[in-house]
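Undergrad: A single structure is presented below for examination.
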Amino acid sequence: MASRTQVPLPISISDPEATVYIVPHIGPTPIPTTTSPKATFSFNVEKVKTNLILRSKWAELNGAMGDLGTYIPIVLALTLARDLNLGTTLIFTGIYNILTGAIYGVPMPVQPMKSIAAVALADPSFSIPEIMASGILTGGVLLVLGATGLMQLVYKFIPLCVVRGIQLAQGLSFALTAVKYVRKIQDLPKSKSLEARPWVGFDGLVLAIVCVCFIVIVNGAGDKDRGSCGCDHDHDGNSDEVVEIEGKKNICKVRKLIFSLPSAFLVFVLGVVLAFVRRPMVVHEIKFGPSSIEVVKISRHAWKQGFIKGTIPQLPLSILNSVIAVCKLSSDLFPGKDFSATSLSVTVGLMNLIGGWFGAMPACHGAGGLAGQYKFGGRSGGCVAILGGAKLVLGFVLGSSLAHILNQFPVAILGVLLLFAGIELAMTCRDMNTKEDSFVMLICAAVSLVGSSAALGFLCGIIIYVILKYMEYLDDKRARPFSTKITAELTRWTLRRKLKGSA
């Protein structure tokens with residue numbers, strides 16, 4: 001018998017350290033071969049380069065601004081109220097931005113932990129040691145959940161409608177906070193709203209309305225084909241038709257130019273300019289050079305208070321919004337890139353286990369930040385790498401003195417950026433097509449908003465979902481014997497008809 005040789009098909013290897021088996025049609029037992037360390041290193045370098053490639057320079061730069069509506073108010077408030085080391089926070093979060101962009105290849109955000117920040121701003125006794133202790137402990141728990149695979153297990157069993165409820169609540173919360181920033185003058189260090197914002201001025205309502213209209217004109221509702229005119233058809237040589245088509249093409253060029261403007265970036269630059277215009281003397285308060293990075297001394301009392309007041313309320317929010325919701329939103333916005341809940345949990349854990357000891361604000365990922373950066377054009381890891389590079393430059397050059405500039409930044413403009421980030425996150429919930437899923441999602445969102453707790457909303461959503469599924473199971477169980485009886489009777493009737501016909 002003539003031997004046959006089977007040509008192996010090309011194999012796509014997603015894991016550079018995976019073992020590759022070459023299996024012929026016949027012959028001895030295949031011998032495993034592993035990729036060499038040199039090939040692995042080359043593969044990883046190429047993957048990092050691919051992840052950091054900018055899809056569109058202006059769009060990616062614009063997308064980098066989408067997360068600042070959340071980042072600046074929280075970090076600035078903690079810097080002014082609790083003496084947070086802004087320079088250290090900028091340096092570490094900048095490094096996190098660059099690394100997460102290189103690892104994931106999407107605009108993965110790095111945001112302050114909101115629950116810990118809220119406790120720190122509300123409780124004067126919750127100072128820097130307690131803040132860092134709560135961040136380190138939260139990071140440790142998330143690292144353990146990720147390393148043991150428990151986070152991935154949780155992600156698989158949580159219903160999509162419950163995740164959508166958490167996303168809807170977070171998106172609406174951002175939008176409501178944004179409206180509050182626009183309508184009322186804010187005391188960020190005390191996290192309080194003061195009197196109504198004046199209509200005119202460098203931080204007035206008119207400025208905010210103009211910025212909103214500008215972003216809507218440029219970005220619309222996020223349509224993919226925005227700016228296309230459909231005027232690229234041929235003409236038959238008629239001079240009048242040629243003039244008309246040329247005029248349409250010129251209009252199309254203007255439309256494409258307007259729709260390609262980096263709206264969020266221009267709005268942010270406007271805010272920086274107005275910060276200097278509002279208080280020109282702020283230039284003299286700037287000190288060049290990085291802030292001193294020191295190891296934070298954490299007492300036993302600080303560990304205890306940090307865990308009770310900071311870690312316990314932050315953990316549900318981090319698990320649900322920083323890992324589960326981000327994992328689901330990433331698969332929705334970037335179908336070709338699947339991230340495991342394990343990897344996200346591990347990266348959040350490592351960020352806080354490292355930076356917390358040096359006074360960097362506890363940080364995590366966030367579905368709102370990802371939605372905001374996607375809304376304004378972020379499509380690659382290069383988007384957040386740009387933001388990370390800017391943070392590093394500001395952290396090393398200006399340090400904590402940057403707080404004097406940010407304190408003059410128009411809060412109404414921050415509200416505008418936060419508004420679009422919240423709306424984009426809430427819009428991801430439009431795929432709930434059945435009444436049952438929409439019901440669970442809305443219950444979860446309503447409880448999360450009114451109770452100000454994602455954990456409470458999640459618990460109610462799970463309970464309602466289990467009750468509905470159990471009722472559906474009982475209905476099916478009751479209907480099954482009846483349907484079985486009907487089927488049996490129909491079968492007998494058909495057989496009788498056939499017997500009579502044959503007779």
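Glycine is no exception: its Cβ is also placed from the backbone N, Cα and C atoms.
Below are the features listed in TrEMBL for this protein:
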- 84-106: transmembrane segment (TRANSMEM)
- 126-145: transmembrane segment (TRANSMEM)
- 157-179: transmembrane segment (TRANSMEM)
- 199-218: transmembrane segment (TRANSMEM)
- 257-277: transmembrane segment (TRANSMEM)
- 339-360: transmembrane segment (TRANSMEM)
- 381-403: transmembrane segment (TRANSMEM)
- 409-427: transmembrane segment (TRANSMEM)
- 439-468: transmembrane segment (TRANSMEM)
Undergrad: Look over the recorded stretches 84-106, 257-277, 439-468 and say which has the most C-beta pairs under 8 A to the transmembrane segment (199-218).
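TA: The listed stretch sharing the most Cβ pairs with the transmembrane segment (199-218) is 257-277.
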Undergrad: Under 8 Å between C-beta atoms and at least six residues away from its ends: which parts of the chain pack against the transmembrane segment (126-145)?
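TA: Sequence-remote neighbours of the transmembrane segment (126-145) are 78, 82-84, 113, 116, 119-120, 151, 154, 296-299, 302-303, 305-307, 309-311, 314-315, 318-319, 323, 345-346, 348-353, 355-357, 359, 361-363.
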Undergrad: Using Cβ atoms only, state whether the transmembrane segment (84-106) and the transmembrane segment (439-468) have three or more pairs under 8 Å that are 6 or more apart in sequence.
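TA: Contact between the transmembrane segment (439-468) and the transmembrane segment (84-106): absent, because fewer than 3 Cβ pairs are under 8 Å.
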Undergrad: Ranking 157-179, 381-403, 409-427 by the number of C-beta pairs under 8 Å to the transmembrane segment (257-277), which range is first?
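TA: Of the candidates 157-179, 381-403, 409-427, 409-427 scores highest.
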